[in-house]
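A short write-up of the structure that comes next.
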Amino acid sequence: SWTQFHNPLIVLPALSPSPKVQGTHPECSIILQLQKREAECLERIRRESQSPALPGQEGCPTDWDGLSCWPALPLGQSRAVACPDILSVFKKSEGLIQRNCTEWGWSLPSPPYHSSCQLETLSSNNDTEAKARGTPGLHFVTMKVLYTCGYSTSLAALLLAIGIFSCFRKLHCTRNSIHIHFFTSFILRGTAVFIKDSVLFSDESIDHCTMSTVTCKAAIAFFQYSVLANFYWLLVEGLYLQTLLLLTFTCDRSYTWGYILVGWGVPMVTVGVWVLTRLHYDDHGCWDDYSSLYWWVIKAPILLAIFVNFLIFLNVTRMLAQKIRCPDLSQSHKQQYMRLTKSTLLLIPLFGVHYVVFALFPEHVGVDARLYFELVLGSYQGFLVALLYCFLNGEVQAEIRRSWGKWQRSMESNVFNLATQDFTA
């Protein structure tokens, strides 16, 4: 096994890829490279063992020490290798490691890897980082608590908002129907995060880098679908707003099915293509390695949705400025435009800007910033959507006040009737 070598590299036995970044974490890449090199070296050893040694060729056979593959060497000779290139992600590798072929077999590497490759300072650097950021485990535990609270808050707010839109008949319309679908995509996204955590990270003894089960792949596929649906229902919100402005609030209900096909259908097709691609060409791990080229099957449609939404953002801003300046437009129509537009125009840049910025950089750059945006801040986006589209909506507030007043009057009437009955009795 790759973990059994003569001079354990200090950092490797402690490698435990942190939740949510296992696909881009350099430590997973190191482990996978080590396993690949170990397999190649063991295959070489197997072939050599099948060829009988000729007289006078005694020496040391090919050996794998956990980091390097040492080729067969005659007795009494020595060999030196450079520090493995995979260690460069931790520290600049310098120096040579030497091993001798003795009567008792291979000698231990000299100097040790952690000394020759200048990895001794890594522990002190970790101490400094621990003081600045807390221990890595605590760092991710804190982050998990934060995004768990965020998604829980969002789920509660979104369910309440869907209940409000569903219970009040006066709120039943195409606009609010689209809002409900948008809320549902957020609920799926939050649920997918919790499912992903329970499947991938419930057991700390599992090797997250090499874990490859049908359950974990299904959890990742569902997560990718929920993320895609989230972005495409945001696109539908933008398309609907633009349609309202173009058709002056005479939008036909037949458009609703088109919106549903875009919001739920496009993500379904995209994820289906991605799943088939991974099954045939890259079926390893849990499919959460974002460094894979096939990740663009998911990433490209998201970027396309964000780009189209940005164009809609610019066009709607232009159209709104023209309509508000129009003297023939009634004040009620102006208020309708403003009420829906201010919510959607706020959400479009809010949801897309950080994703576009990070998309311009490799996946391993700015991992901490990505984590905070995607997990911590992103977990509260559902709550923000429910707040903008439902709780702060004047029409919703008026309907709730009307129903509350009606209920109060009903209660007062019941109390009065009860008191009257007692008095007459």
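Placement of Cβ uses the backbone N, Cα and C atoms for every residue, glycine included.
Annotation source TrEMBL lists domain 'G-protein coupled receptors family 2 profile 1' at 40-121. Taken together, the residues in the domain 'G-protein coupled receptors family 2 profile 1' (40-121) have a mean pLDDT of 77 on the 0 to 100 scale.
The domain 'G-protein coupled receptors family 2 profile 2' feature in TrEMBL is assigned to 143-393.
Here TrEMBL flags 145-166 (among others) as transmembrane segment.
Long-range neighbours of the transmembrane segment (178-195) within the same chain, counting only residues 6 or more positions beyond its ends whose Cβ lies under 8 Å from a Cβ of the stretch, are 147-148, 151-152, 154-155, 158-159, 161-162, 165-166, 219, 222-223, 225-227, 229-230, 232-234, 236-237, 240, 256, 259-260, 263-264, 379, 381-382, 385-386, 389-390. The feature transmembrane segment is assigned by TrEMBL to 178-195 (among others).
For 231-250 (among others), the entry in TrEMBL reads transmembrane segment.
Non-local neighbours of the transmembrane segment (257-281) in the same chain are 178, 181-182, 185, 217, 221, 224-225, 228-229, 232-233, 235-236, 239-240, 287, 294, 297-298, 301; each lies 6+ residues outside the stretch with a CB under 8 Å from one of its CB atoms. The transmembrane segment feature in TrEMBL is assigned to 257-281 (among others).
According to TrEMBL, the transmembrane segment annotation covers 293-316 (among others).
The transmembrane segment annotation in TrEMBL covers 344-365 (among others).
Look at TrEMBL and you will find 371-392 (among others) tagged as transmembrane segment.
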